[in-house]
Amino acid sequence: MDLKPFEENNSVSCRLTSQIPDVCKTEDCCLGIDEAGRGPVLGPMVYGICFCPVSKKEDLKDLKVADSKTLTEAERENLFEKLDEAISYIGWALHILSPNTISTSMLQRTKYNLNALSHDTAISLVQYALDSGVQLKEVYVDTVGPAEKYEDKLSQRFPGIQVTVRPKADSLFPVVSAASICAKVARDRVVKGWNFPEDLGEVDVNYGSGYPNDPKTKAWLLKYLDPVFGYPQFVRFSWSTAQSLLDTKAVAVHWDDDEEDGEKAAQRQNNRSMLSYFTASAGSSDHNPSHQTHRFFSERRLKSLDTL
């Protein structure tokens, strides 16, 4: 599994794929879909598919794949290697959704919630398999939201394919278990080797499980919360845990709007308007020697201008 395409720019999403086995282009195939990392406030969410000929279902079962959450990291790595080595009849594909993609999607003006994002990602992976020539006849999915509605949605989108959506599908269908393992291994590797584009020095990697209720994760969020610019891109800033910390620990900002004068409104709150940071005071010097520029600006070589 080559993660370089994602590691080169982990602020955007990325698709990784195996080779398509020739047999999958000539025989009827089954495909499983599952994800890893839906709940954590840290790191990406990874969607995975795994597919093989229907005639090879028992061979897949003999590999003893299981729900990735019931396996140790070493067991998952070992099983992924077995899946990757069975290239003659097993294929896989992954879609890594960066924390930045997740949060900006959820907070954009037209809301795009996590369920919709998950559905669209799963659909795009099934479409990728079809476009690659895989002869899909059966699709098995671990549900997101009501299983019946999701099954109807996928059946309408892919007529002629038998779609089965079930809760805990990763423990019911080996092909979904295989997809679960692929997704979990990819997420674990990405999180472990995360490249922080921000200048944070030597980063403390003791961030626990990444889940919001983990004390280690909360401590890490507090440690790396910048009072002005918020979190590094490793954090899903749309999560309520992250937003609560921003509300209580970060600097309050008043944004100007059309309804009232922003500067006056900010003054009433004993605050400053955002626009005041871009306005030079009359007679002021270009640079205040006592003022130290924040790394956000210096890293991007940004400077204040008095005139255009």
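Keep in mind that glycine also has a Cβ here, set from the backbone N, Cα and C atoms.
Annotated domain 'RNase H type-2' per TrEMBL: 28-251, in sequence order. TrEMBL lists Asp34, Glu35, Asp142 with the feature divalent metal cation binding site.
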Set of same-chain residues at least 6 away whose C-beta sits under 8 angstroms from Asp34 (divalent metal cation binding site): Tyr47, Gly48, Ser68, Val141, Asp142, Ala169, Asp170, Val176, Ser177, Ala179, Ser180, Ala183
Averaged pLDDT, computed only over the residues in the domain 'RNase H type-2' (28-251): 92
Intrachain C-beta neighbours of Glu35 (divalent metal cation binding site), sequence separation six or more, cut-off 8 angstroms: Met45, Val46, Tyr47, Gly48, Ser118, Asp142, Val144, Ala183
